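Annotated features, as they stand in TrEMBL:
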ACT_SITE  TYR462  active site, schiff-base intermediate with substrate
DOMAIN    79-163  domain 'Copper amine oxidase N2-terminal'
DOMAIN    171-270  domain 'Copper amine oxidase N3-terminal'
DOMAIN    295-711  domain 'Copper amine oxidase catalytic'
MOD_RES   TYR462  2',4',5'-topaquinone
TRANSMEM  12-30  transmembrane segment
Amino acid sequence: MEITRSSLRLMVLILCGLLLIFTLVQYPYAPSDKAELLDCSTNSPWCTFKNRFQLSTSKILKNPAQHQTRNHATDVPRHPLDPLTVTELNQVRNIILSHPFFTTASSYSLHSVVLEEPSKPLVLRWTQNEPVLPRKASVVAIVDGKSHVFTVDLSINQVTRHQIGSQTGYPMMTVEDMTSATWAPLMDTTFNRTIIERGVDLKDLACLPISLGWYGKREENRRLINVQCYTMKDTVNFYMRPIEGLTVLVDMETKRVVEISDKGRNIPIPNAANTDYRFSKFNSRQQLNLLNPISIEQPNGPSFTVEDGHLVKWANWEFHLKPDPRAGVIVSRARVRDPDTGRMRSVMYKGMTSELFVPYMDPTEAWYFKTYMDAGEYGFGLQAMPLDPLNDCPRNAYYMDGVFAAADGRPYVQSNMVCIFERYAGDIGWRHSESPITGMPIREVRPKVTLVARMAASVANYDYIVDWEFQTDGLIRIKVGLSGILMVKGTPYENVNQISNEEDLYGTLLSENVIGIIHDHYITFYLDMDIDDSDNSFVKVHLEKHETAPGESPRMTYLKATKHVAKTEKDAQIKLKLYDPYEFHVVNPTKKTRVGNPVGYKVVSSGTAASLLDLDDPPQKRGAFTNNQIWVTPYNESEVWAGGLFVYQSRGDDTLQVWSDRDRSIEKKDIVLWYTLGFHHIPCQEDFPIMPTVSSSFDLKPVNFFERNPILRVPPNVENDLPVCKAAASN
């Protein structure tokens, strides 16, 4: 195909416009202060579309058709852990950009602007009738190609700390980094010619920014990203139509193409047929109407309240909840009411997603680098999309917005990012019925109703649903669901009969010319447990088989629980083993029940997976926080992100593994529990073209924390308490 320079330039301009629209659909972020809209003299993608967005966002509370408008420009902090407000973000921006370090810089970008939380002792001593503690902001920036960390004191309008990044790696990418990286190849004539030679019209092109990890000196001293592309022709599910083997290496600072690798010209682009997943694209005969509508009604309204925007109170629980651009959501100061004393008792000071590690198991040239760390590279919260009422969250959900800062520091609203709702699925809180042989007609049952705080992050193709679920019996369940779309590989094969036994596909043939690559997901949680105070211990309770003495019993063996208090960090590096079972308790050794047991909580594992990669494999060095399923470290306010503060292109020199190997004392200390939830994913045809959700979870469960069953005295349901809904007659 022969093209003129003018026609190529026109196609590039059209494609840039399409990519801009795609970006705004994929990342619907907006400036959040009408007085501080992004300057349209810049290259910001918001300028053309700024009138689409408003400062006021909608809160869907009781009826999806009824909205409560909240004006974030009037937000003020009420709690020491409240996120930075629109006013504060604008104040931070003015302070930081007037600092001499920025006024003399030739280039800069702000990669994180969040609250620098007050010291833990100050927060623990603070009460609601006191003024909010002095507010500070933590700012991570790249200035003239170097990473910097600043503290901005809002009470005195000054930068009070400036630290040059000493770790390897770079800060989390900004949305602007990601979008500009996907535009860069379009300015390269070789790339455009390659796309056209592959039979793809430039107007149908969709490209993704793919972090490249760390594999050696080639990546040193420059911030790089790989870009791979797809065709959107005849489908919105472009992920199923890869232009296989084409990888563009881009310098994120210069926005220039460094290298183009094109090794897949013999691989056809998969067909678009049967890839669309939108309900509107199925006609009435194709639609599967399997169920009648179902809704949980609450005639008296929800049982929870959200005070001052972030303080959640429900049943016997109280906790602070806030969106975060990196972690997604942060749960803080979780306390539960003791049913005997009425006192609110501390369970957890802070809990959040610390890091994700998603290595794909294909070592070939266009795939080996796909070993994502979604929080530290892309921002788990930055990728959180607005939740869909009635589908993501039920009718009576409360919605919470995120207020974040763009790369130039201007605030924007991430609307409906978190939802809070009560769940009742017919589960049972406790029950007992007496057998007729006892002569006692007893049947006592209590329903289980829980409170869920939910977010969903769409990290390009994959969707993660994270639930923090609170039960009235004191249990906290942390659940992760995986859905979305597979990242697939193009192949010449259309049927498994064409594949020789010797060839490794690195995955499963899902459809004609489409391979789903085997991969893992690891989600590591930071859990600062404070069981009735900060000084706790970690206890390993080992279940061991013991043999009876000859003649002692008709039984030959029994199980015995042996407790061991971990003294140092290495003693608390735990690999879970099915045939060598343990319980793992966090206890307060200074607080005892009336019969003498230390009060505590235990971590209860569900289905999980462990990394099988070699410990010296470069991706595993960076993801070394997955070497164990459980870790315990002494509290350190700088040790929060399991992959390190600067994850992008890091070498693994600032990870949870490095910290834990210092082997510090953890007995009767303020300690942090780390838990990694893992999934092995061997794709199957049911995952095509979009995956049904698969979930796993773990629990934080009271163990001798209460004197007895804490929901012993709760009432059962009775008919008069519940609404009577008129349903259609059942045939």
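Cβ atoms here come from the backbone N, Cα and C positions, even for glycine.
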>> Let's see if you can do this one: DSSP helix, strand and coil counts over the domain 'Copper amine oxidase N3-terminal' (171-270), in that order.
In response: 31 helix, 28 strand, 41 coil
>> Using Cβ atoms only, which residues of the same chain lie under 8 Å from TYR462 (active site, schiff-base intermediate with substrate) while being at least 6 residues apart in sequence?
In response: VAL358, LEU482, SER483, GLY484, ILE485, MET487
>> Using DSSP, what is the helix/strand/coil residue split across the domain 'Copper amine oxidase N2-terminal' (79-163)?
In response: 22 helix, 30 strand, 33 coil
